[in-house]
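Chemist: Reproduced below are the annotations present in Swiss-Prot:
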- Cys408: active site, nucleophile (ACT_SITE)
- Cys73, Cys79, Cys82, Cys154: [4Fe-4S] cluster binding site (BINDING)
- Gln279, Phe307, Asp328, Asp381: S-adenosyl-L-methionine binding site (BINDING)
Amino acid sequence: MLDKNTNLTHQSKIEFVNSNLRGIGFVNNTKIEVPYSLPGDVYNVTFFKKKRRKPSAKLELVSQTQRSFIPPCSAFTKCGGCCAQHISYQDQFRYKTSSLLESYKKDFEIVPTLYPAQKTFYYRNRMDFAVFPGPIVGQREAGSFRHIVDLETCLIQSKESNEELYRFRNLISKFPNLPYDRKSDSGFLKYFTLRKAKNTSELMTILTFVEEFKNTIEEKEFENVCLKSLKADHILFCFNRRKGEISATGEIKILKGMDSYKELVCGKEFRVPFDSFFQPNPEGFQPILDFIEKEIPDSFDHLVDLFCGSGFFSRIFAHKFLKITGIDSIESSLEIARKQMSLDFPKIDSSYLKVDLFSKNSSSKLKVLFSSSDKDVLIADPPRAGLGEFVLDALKDSKVSYFFYVSCNPTSQKSDLWKLKDFFQIQKILITDPYPQTPHLESVAFLKRKNFTT
């Protein structure tokens, strides 16, 4: 059908908004997705196809339904960050969750609990700004990795971070030759990263340079200016390879403070290393932790923490267990977990094991771990792709009694739960929204092994 439409212009009206917050229309049964659109918007659609590429569509707005909500950011639709500032938050949350609700009702006969965001702006604790010649400091353009949208402020990061961004923009304007030019392969500075704790006052600023900038006269001069102009508690220079588009990774030089910042979650102190992952919105993630705290049984001895990272869940719920086993593939994160647990809970039998859970080699280790006792509670927080075949297979034959499945991708989570439906019974599900203005959600499912009796 699409071949017949190629190079012809058709008209399509947006019929609804999907869970990715994109408007959906149709041309002769061919679905089109249109960002930043709403039901009632009309577009001219021209399909075209280049050699060896998938068919694409050129969109031209014909008419737009009246907007009741004005995007507060002037860069909206140009910046690739937010995608829903044209939609009221109430409608955003409904669009993001409605299909999940219906599918859980249909497939599992269960209705998830929904917890909308309490803060819709100024919530994010980390932003990475690309630095381009100009100087231009901003985010990637929507749909393009090569172009940058210059930003004076960002409405989803903290106000303290925006103040530091303002100071940096004033500073870098005096060094026009410092930004790295991706085309000519000249210059030095690639990224400006801000990390602001939510439950402490600490702010970290990280500047990522090409390796050749290290130990130069220019570096020393710029270091002195940064110390005078920037106000963060921790200021770091980071050096990595010239062609790499990775921020806040590589060899570091500490100009001020430490190479980690302090965050508090559930009353526990976390040292967050400059290059490590941490929940982007700890306040928005709190409902997940409250849910687990409420549902964890008191009479169980052993917590298994899969995809444990630096022991986030282990440390928060350690007071309920006698033994903790954490598993992850990144040794540096495991070292942090071991150190923190030995300091906080020296009497708990804790071990953190390096295992690649997406490797076939993990199967035998997981099956031994999961068959050791029916007094085990499992918490798993996998990446967006889900648990993976080897974890799923091990769970099917396991003695794990209670399982908390935390996910940043409820769609892949639901697919995994379907594969486990003959072995575990879903007790409750919570879906929450730590990421307003974007299509992302967080969820937690509480499962009980079907043949387990208390």
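Glycine is no exception: its Cβ is also placed from the backbone N, Cα and C atoms.
Because the structure is a prediction, the values reported are computed rather than measured.
If you look at the structure here, what lies around each of the features I listed?
Modeler: In three-state terms derived from DSSP, Cys408 (active site, nucleophile) belongs to neither a helical nor a strand segment and is classed as coil. When Cβ atoms from all protein chains are considered, those within 10 Å of Cys408 (active site, nucleophile) total 19, not counting its own.
Counting every protein chain shown, the Cβ of Cys79 ([4Fe-4S] cluster binding site) has 21 other Cβ atoms within 10 Å.
The Cβ neighbour count for Phe307 (S-adenosyl-L-methionine binding site), using a 10 Å radius over every protein chain in view, is 21. According to DSSP, Phe307 (S-adenosyl-L-methionine binding site) sits in a coil region rather than a helix or strand.
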Chemist: List, in sequence order, the same-chain residues at least six positions removed whose CB sits under 8 Å from that of Asp328 (S-adenosyl-L-methionine binding site)?
Modeler: Phe307, Cys308, Gly309, Leu334, Ala337, Tyr352, Lys354, Val355
Chemist: Among residues Gln279, Phe307, Asp328, Asp381 annotated as binding S-adenosyl-L-methionine, what is the maximum Cα-Cα distance? Answer in Å.
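Modeler: Among the residues the record ties to S-adenosyl-L-methionine, max Cα distance equals 17 Å.
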Chemist: So, three-state DSSP: helix, strand or coil for Cys73 ([4Fe-4S] cluster binding site)?
Modeler: coil
Chemist: Using the alpha carbons only, what distance in Å do you get between Cys79 ([4Fe-4S] cluster binding site) and Gln279 (S-adenosyl-L-methionine binding site) once rounded?
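Modeler: Between the Cα atoms of Cys79 ([4Fe-4S] cluster binding site) and Gln279 (S-adenosyl-L-methionine binding site), the distance comes to 23 Å.
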Chemist: Counting every protein chain present, what is the number of Cβ atoms, excluding its own, within 10 Å of the Cβ of Asp381 (S-adenosyl-L-methionine binding site)?
Modeler: 20
Chemist: Among the binding-site residues Cys73, Cys82, which residue has the largest number of other Cβ atoms within 10 Å of its own Cβ?
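Modeler: For the binding-site residues Cys73, Cys82, the Cβ with the most other Cβ atoms within 10 Å is Cys82.
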Chemist: Just the number: how many Å between the Cα atoms of Asp381 (S-adenosyl-L-methionine binding site) and Cys82 ([4Fe-4S] cluster binding site)?
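Modeler: Checking the Cα atoms of Asp381 (S-adenosyl-L-methionine binding site) and Cys82 ([4Fe-4S] cluster binding site) gives a distance of 25 Å.
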Chemist: Closest to Gln279 (S-adenosyl-L-methionine binding site): which of the recorded positions Cys73, Cys82, Cys154, Cys408, going by Cα position?
Modeler: Cys408
